[in-house]
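One structure is given here, and the rest of the page talks about it.
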Amino acid sequence: FKSTSENLATRTLWLLVLVSLSVCICVCRASLPPEEDSAMENIVTEKKAEESHRQDSADLLIFILLLTLTILTIWLFKHRRFRFLHETGLAMIYGLLVGVVLRYGIHVPRDVSNVTLSCHVNASPATLLVNVSGKFYEYTLKGEISANEVNDVQDNEMLRKVTFDPEVFFNILLPPIIFHAGYSLKRRHFFRNMGSILAYAFLGTVISCFIIGLLMYGCVMLMKQVGQLDGDFFFTDCLFFGAIVSATDPVTVLAIFNELQVDVDLYALLFGESVLNDAVAVVLSSSIVAYQPEGDNSHTFEVMAMLKSFGIFLGVFSGSFALGVATGVVTFTKLRDFQLLETALFFLMSWSTFLLAEACGFTGVVAVLFCGITQAHYTYNNLSPESQDRTKQLFELLNFLAENFIFSYMGLTLFTFQNHVFNPMFIVGAFLAVFLGRAANIYPLSFLLNLGRRNKIRSNFQHMMMFAGLRGAMTFALSIRDTATYARQMMFSTTLLVVFFTVWICGGGTTQMLSCQRIRVGVDSDQDNSVSGSERRSTKQESAWLFRIWYNFDHNYLKPILTHSGPPLTATLPPCCGPLARFLTSPQAYENEGQLKDDDSDLILTDGDINLTYGDITVSTDGSGTHTSGGPAFAGATSDDLDRELTYGDHELVMRGTRLVLPMDDSEPPFTDPHHRLRM
């Protein structure tokens, strides 16, 4: 009994000692000076910042690994000549797989330091100041969390970290894609089909937007009747959806076209339409958002509000166009001796065009597109040969990486985006509306255009253009930019499915569609000599009439001022303007006289201004295609002989005293008739 009492006393003593120590520690902790308390908080904050940094690095590493895996698989596909899946579709598949793993395979342990407090407010402020023991802390709004996900804040935080700010797409990823489209534009074939391209891009996009908007409004009304609509969805929302899904991005089809060397006119029609209708869709969507009738109801139809939106469309597009062209023109670099500085300046001026347009309230997509076209026409001729190669390779690389990054992110977003709204009726209606909207764009406009075209858009071309209306990066970027409302969330979720379907199914079936429509392949886009000389002159008359006046003005006055190529102004301006001409003409222009660097001059020159010189023989053409010749060697030459020389011979073209060297294909003998052999 005695030993039991001693043990009990000992235990009681130790318990008292522990309690005393605890009290002392608490008192000491409470009596710590504010400096030491702040130091401990700083240590905790630094540890959290370090953990956040490691998490951000791991998130970026995921995308880098996705791009690396995509590139390696692309190499394997190209090595095996596998054309059923393009690199963009492959990037989407890899993004989907990683998204599944992040959403369902990784669970972040809950942080016990997280505290959930309730505070009733009428709105969600962008920033929140919290008073904790006299210290104010600023918190920023990250997004809405549903009631059943309050306990999974850590998992939501991880998914939110791999979800980028939509402005990243518009300000960082989209500019190099759009600029590369304009900078690498093949102007010869673009100008040859300029009228048709403008019709498809402007009128066709507007038609598609309203057809899709009307059909989706009917679908929404049906959803409301059957009780399938859980939020507001107005007609302006339907038009906005029609605008964003009208932006085509047939990158998969065009890549296969380029690899197979499909008919150049079909390539030009598809590429030109996709380049311009992206710009039209952006401006059209912003005009629809700007639709604001007077009164309390902002979704009623009002003529003045519609006219105002139409005026905004014209003003924004024309302003963006003017800004892009002006920036491209003023990029007149004279740093040829320092190629690295020259390339850096060219790159920064190109990118700043997009940001300048957005800062001024215009559309950066339109501005940077026409900046690229203008710089390819003017500034490119002023660059040194090294910078010319560097700029082309630089923007080609940026376009490749940005495009594949966006498509990888699309696949990832299908599982990491936390506010998806998938409605089966809306999805089925969207697919049907997109199909009918594309058909209403292609077939009626092709019929009308063929009434005035000599080189008709054949029915198999129309079917191919209908099939190739893929949706891609621009549609995704426009839909993810605003996902705050129920209607925008449903649009975004449906847009993802539309992009997946068109890229995988339509893009993957391009080769089979070409074979089914019997569209010729293996056509050299630079030396397309499959047409006769008379057909070449007909195409020239058809495509050049809109640009004859512009081309003469550009060739004789703008290029000598803005570039080092073209005829000197002393040869084109009147003699009375001699001092001004000598002041504005660069010394290099005199050195480059006779070597005009213009890829599309043989397609948009006025036939009446052309003289073809073969040795000491001159051949002139008029607007009707009639030839007149001078010189002994042409004493008995026929018109067909001259057509053959125009088509296959190497010749020099003389225009108003300026000699243009235009190398032509020499795959066939230039002229074999011994009675009419030309003296070379």
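Yeah, the Cβs are placed from backbone N, Cα and C, and that goes for glycine too.
Predicted, not measured: the structure shown is a model, and the values here were computed from it.
Feature annotations, reproduced from TrEMBL:
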DOMAIN    70-515  domain 'Cation/H+ exchanger transmembrane'
TRANSMEM  12-32  transmembrane segment
TRANSMEM  60-77  transmembrane segment
TRANSMEM  89-106  transmembrane segment
TRANSMEM  168-185  transmembrane segment
TRANSMEM  197-223  transmembrane segment
TRANSMEM  312-332  transmembrane segment
TRANSMEM  344-373  transmembrane segment
TRANSMEM  394-415  transmembrane segment
TRANSMEM  421-440  transmembrane segment
TRANSMEM  486-510  transmembrane segment
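Contact between the transmembrane segment (486-510) and the transmembrane segment (312-332) is not supported: fewer than 3 Cβ pairs lie under 8 Å, counting only residues 6 or more apart in sequence. Ranking 89-106, 197-223, 312-332, 344-373, 394-415 by CB pairs under 8 A with the transmembrane segment (421-440) puts 197-223 at the top. Taking pairs at least six residues apart, the transmembrane segment (394-415) and the transmembrane segment (312-332) share fewer than three Cβ pairs below 8 Å and do not count as touching.
The list of residues near the transmembrane segment (312-332) in space but at least 6 beyond its ends in sequence, with Cβ under 8 angstroms from a Cβ of it, reads 279-280, 283-284, 286-287, 290, 345-346, 349-350, 352-353, 356-357, 360-375, 377-379, 382, 562. Sequence-distant contacts of the transmembrane segment (344-373), counting only residues of its own chain at least 6 positions beyond either end whose CB sits under 8 Å from a CB of the stretch, comprise 170-171, 174-176, 178-183, 185, 187, 275-276, 278-279, 282-283, 286, 316-317, 319-321, 323-325, 327-328, 331, 333, 335, 379, 383, 387, 391, 394-395, 474.
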